[in-house]
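K.L.:
I'd like to ask some things about the structure below.
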Amino acid sequence: NGICLTSAKSALFVDLPANMVGSLLMGMLQSGLVLGLANSNNVPIAWLPIGHRFQGMDAIHLAFRTGFCGSITTFSSWNTQMVTLLTGSSQGAAQAIFGYIIGLELALASYTIGKHIAILGHRYLNPLHAREADIMVNNNSSTMTPEHAHHFVYHRDLPDFERHYLTNVFYKEEAEQLKEDIPILMEELEKWKKSTEDHRNLSNNVRGDLSNIERCLLVEEDEPNDLMLNVAQQAGWDVDALRRYVHGKNSSNECKDGSTLVDDKSYRSEFSSSSPVVDVDHAVFAAVVLLVTCGLLLSSALLTEGREYTSQNYQVFCISGLFAMPGALMRWRLSKLNGKLQGKYQWVPVGTFIANVTASLISISVTVVLDKFSSDLPYWGVISLVAVKTGLAGSLSTVSSFVAEVDQLLKSFPVHVWGYIYAAGTIFLACILCVTIYAPVI
């Protein structure tokens, strides 16, 4: 009685909605670097606030992107259905070709929409960064106001608060409110800003020295060298005011209302590590959760009574969950091969390519066995094979990571057509190999 949108005998293949949802979520979970947020390229999850605690949970980011999104989507089942269509009838070739095209295009479109949602979320939850990005985009515009005529590249590594204040990202009323909330600190920062504002335009030949002094005191919390100080003295910069500001900021990092003055300092120190630390307690907890989950899935499958269609589906669901975990882990390990090829083929995401083609071969092989020998197999043998096809092959393959890589490679177009080569090559090779296995035995 439900609405049937997809079919096992149609170009609108059964897993199309799952691939679209997984690709959409993958787009939403991208970092500022992938989304091209020039002033927020170090943000792991772009649509969250910059200082949100979830930004530092690298293992959870990996679990959502590789584990969750990668396992929701499936390249192997998509390819298997297209191969069965291709070899099934005279009209199957047209349906299969159309199925490959719409499967790829809708997944790419979903991924792009997910990225746009992430960008909109970033702008809504981080309004100052959005304002700064707009100023950067309009930096060469004839409508640029004089107070915004700054080049932001020298300020990207400064803490957000100081960068926004020194480059006039704050509105006038916001700046005035800050001066009321933290008058002593803002007085010193304003002295530094006033003494340096004539040297912040793009063409000034001492701008590099200005940015180096700000980097030393505000980022590295170190004293500028004598050469920098000589330039500052000749230019009339009030370095003492900036020193007093840094000292006062370190002594008290809160505004009147209790909010932190420099909202990204803790973020940079706590979350910017490129090598996540393995916590023994977390590892033990994860192992316990894994064992409990496996036990629950296995016991649920074995304790389900009856062999009617509903019970079979439930049993397949549970056993597929057991096979999905090693499938996702193998795909994660294979992804470390991406970019490892030498020479002119270094751009190829070889790990994802191997995962998708291998999973497709597993899926079509299981399909052949089930089509030819299912009546001779024991009940649990059939259940296990279906679970291998759905769980192991489905989780070993991925459409979400596949389209994310295609999207990234397409950024080099038209200089390179890597994205088209990778997408067409993966689909073509998986199709041809699976047809050679399936066609002779149908």
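Including glycine, each Cβ sits where the backbone N, Cα and C put it.
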K.L.:
Between 21-45, 346-370, which stretch does TrEMBL give the note transmembrane segment?
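P.N.:
Going through 21-45, 346-370 one by one, TrEMBL flags 346-370 as transmembrane segment.
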K.L.:
For the coiled coil entry in TrEMBL, name the matching range from 140-167, 168-195, 224-251.
P.N.:
168-195
K.L.:
Quick test of the contact rule: Cβ under 8 Å, at least six residues beyond the ends. What residues does that give for the transmembrane segment (346-370)?
P.N.:
74-77, 79-80, 83-84, 327, 330-331, 334-340, 377, 382, 385-386, 388-389, 392-394, 396-398, 401-402, 405, 409, 416, 418, 422, 425-426, 429-430, 433-434, 437-438, 441
K.L.:
Using a Cβ cut-off under 8 Å, which residues of the same chain at least 6 positions beyond either end of the transmembrane segment (417-441) come close to it?
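P.N.:
Sequence-remote neighbours of the transmembrane segment (417-441) are 75, 79-80, 82-84, 86-87, 96, 100, 104, 347-349, 353, 356-357, 360-361, 363-365, 367-368, 371-372, 402, 405-410.
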